[in-house]
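Here TrEMBL flags K38, H45, Y154, R203 as heme b binding site. Annotation comment: TrEMBL describes 1-12 as compositional bias 'Acidic residues'. For 13-27, the entry in TrEMBL reads compositional bias 'Basic and acidic residues'. The region 'Disordered' feature in TrEMBL is assigned to 1-29. If you look up TrEMBL, you'll see 295-315 marked as transmembrane segment.
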Amino acid sequence: MSAEVETSEGVDESEKKNSGALEKENQMRMADLSELLKEGTKEAHDRAENTQFVKDFLKGNIKKELFKLATTALYFTYSALEEEMERNKDHPAFAPLYFPMELHRKEALTKDMEYFFGENWEEQVQCPKAAQKYVERIHYIGQNEPELLVAHAYTRYMGDLSGGQVLKKVAQRALKLPSTGEGTQFYLFENVDNAQQFKQLYRARMNALDLNMKTKERIVEEANKAFEYNMQIYNELDQAGSTLARETLEDGFPVHDGKGDMRKCPFYAAEQDKGALEGSSCPFRTAMAVLRKPSLQFILAAGVALAAGLLAWYYM
């Protein structure tokens, strides 16, 4: 009788060990930062996928002037991100993810800005209000909580690598941009030969960071904030596009000489609904004058460039 009990207990003990080992393996896998981010940001992905910007972009509905505004927001966002990455390139919580040659986008965006706005583009543009909030958050993180910087870097760069080439072709076709890449340098990663392999390397290095679970959870929380900042930018662009379309319907096609200081454009005003686009110096009125079909004035896919990263999460 006692022998039977011992055998039974031995089997139970063996099963417990196997079960415990499997559970531990699953816990270790789920403790990987890349897995935590993927699972922890699903809701933000869903909200981003259902924005009007994403829907319009997938249909190829893009208008150049709003695309230019989106590129402007991207320029200021990546300038801040890469400044803080440079500041923290030796920090143990970020150093393994420092890939300036492969990933940094500021130089490419500078070329796009010059293409869209001309050589004196820096005198014409300023950071949009919603993008400024994003920029301020990135600087705060870089200077005070650098361990959270990975949330912003991973959210942006991995998405850019995933969907960049597809989005580039859509933008070139819809906006009639040169096939040689002018205006879409942002999407070109010249020093990444294989995007899929590079993403695997990036995830492996990220998972190898010496971070406790509490810090990983904070990184996931910060990644969700990054999505929210991006969607705030989309909303601002949506308001700007709606104002352009509404004013054109009310007043007819505006006439503009294409000159003037872009900083005077009320798109950048704190309250856009108060006298938006009333000044004759706003360069975005020119684009509306070019349109010939009123129905096209409602196409508001300004956030295509910023949506690149968010769309691409579903294909990683």
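Note that Cβ sites are derived from N, Cα and C of the backbone, with glycine treated the same way.
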Which listed residue (K38, H45, R203) has most other Cβ within 10 Å, given these are binding-site residues: R203
Among the heme b-binding set K38, H45, Y154, R203, as the record gives it, the longest Cα-Cα distance in Å: 19
